[in-house]
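*Asks:* Reproduced below are the annotations present in TrEMBL:
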type: BINDING; residues: 41; note: L-glutamate binding site
type: BINDING; residues: 76, 77, 100, 148, 167, 190, 232, 233; note: pyridoxal 5'-phosphate binding site
type: DOMAIN; residues: 5-343; note: domain 'Aminotransferase class V'
type: MOD_RES; residues: 191; note: N6-(pyridoxal phosphate)lysine
Ligand SMILES: *Cc1c(COP(=O)(O)O)cnc(C)c1O
């Protein structure tokens, strides 16, 4: 039976990508070799890395604007450390919108003073704080564009007087933004771009080289830039599958095309959450994420029945994160609208059966 995969990450990727990626394990580019056994310095792989970097910048509209794209290891969690290591001299400003921002703040505190400009912790992160101001004497401002766990998303970004750093792990390549507003963007691949194992970093070169401290090579953006993401062995396969996913996105019409589909999916589920008296949305309406819809049952006694219904419909990965409870429908780029429609049908069915 075909599964409808709402998993929050690692998550669904395009079926055509799964197919191509599996073929490359047996015979990569008709070389008679598996992609798993070739050198990362081989011509074939160097061209994969080049294409992945180029497509990343191209899809974000950042080509020729002073940015570099890197594919690093250690997940977005290592970026919590790397951003501070490379950019934080005295003080940095952070917006706290959830679990991931909280973790980023904790790491950055190892390097200097942190000014938490605003936080939505008072309501268990069900909204995005607004109206805060960014101190111009800080080294950078850090925010999280989409809060994967709580299902909130920043719809607008401040005009920051200092470099703007953003964790876009769970909504990169999902919607149109003026990406040139950002000086550093990072994203673990496994939420919307590829498999786990690589992390995309887009950095404006002009913001680097300003801190006084010594930076270990593996944590130094300038080292990775100089070596074109090949300072050490990169995650060859994860980069390859990410590149295939970016190719798929470009062929589809890029971010503009996928955003229309993503908006449609989000509208479909939120309309049902708002209409159906058995469900209640978790996030404040104006801050709702188009990637992760969080919701709970209004009658907890229906939990077993609802769980049986969605599992029987072939739905996977709908359980909410433990810090929110309830349900979370993650609707990343590769999730078809049809899967969301199936979920809505199940929600209506619960109403009939309850
Ligand atoms: C998943 C996630 C992370 C952590 O990513 P890892 O690659 O597991 O380190 C960080 N930030 C956001 C917004 C996430 O969704």
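Note that Cβ sites are derived from N, Cα and C of the backbone, with glycine treated the same way.
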*Asks:* Report, as a single number, how many Cβ atoms besides its own are within 10 Å of the Cβ of residue 190 (pyridoxal 5'-phosphate binding site).
*Replies:* 25
*Asks:* Given the recorded positions 41, 191, which one has the fewest other C-beta atoms within 10 angstroms of its C-beta?
*Replies:* 41
*Asks:* Checking proximity to ligand 1 here: which binding-site residues out of 41, 148, 233 have their Cβ closer than 6 Å to it?
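*Replies:* Correct list: 148.
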*Asks:* When neighbour density is defined as the number of other C-beta atoms within 10 angstroms of a residue's C-beta, which of the binding-site residues 77, 148, 232, 233 has the lowest density?
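*Replies:* Counting other Cβ atoms within 10 Å of each of the binding-site residues 77, 148, 232, 233, the minimum falls on 233.
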*Asks:* What same-chain residues, at least 6 away in sequence, bring their CB to under 8 Å of the CB of residue 167 (pyridoxal 5'-phosphate binding site)?
*Replies:* 76, 79, 100, 101, 104, 142, 143, 144, 145, 186, 187
*Asks:* From the Cα of residue 148 (pyridoxal 5'-phosphate binding site) across to the Cα of the residue listed as 'L-glutamate binding site', what is the distance in angstrom?
*Replies:* 35
*Asks:* If you measure from the Cα of residue 191 (N6-(pyridoxal phosphate)lysine), which of the binding-site residues 77, 148, 232, 233 is the nearest?
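*Replies:* Result: the closest of the binding-site residues to residue 191 (N6-(pyridoxal phosphate)lysine) is 148.
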*Asks:* Please give the greatest C-alpha separation between any two of the pyridoxal 5'-phosphate-binding residues 76, 77, 100, 148, 167, 190, 232, 233, in angstrom, as a whole number.
*Replies:* 30
*Asks:* State the count of C-beta atoms found within 10 angstroms of the C-beta of residue 76 (pyridoxal 5'-phosphate binding site), not counting that atom itself.
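*Replies:* 23, counting other Cβ atoms within 10 Å of residue 76 (pyridoxal 5'-phosphate binding site).
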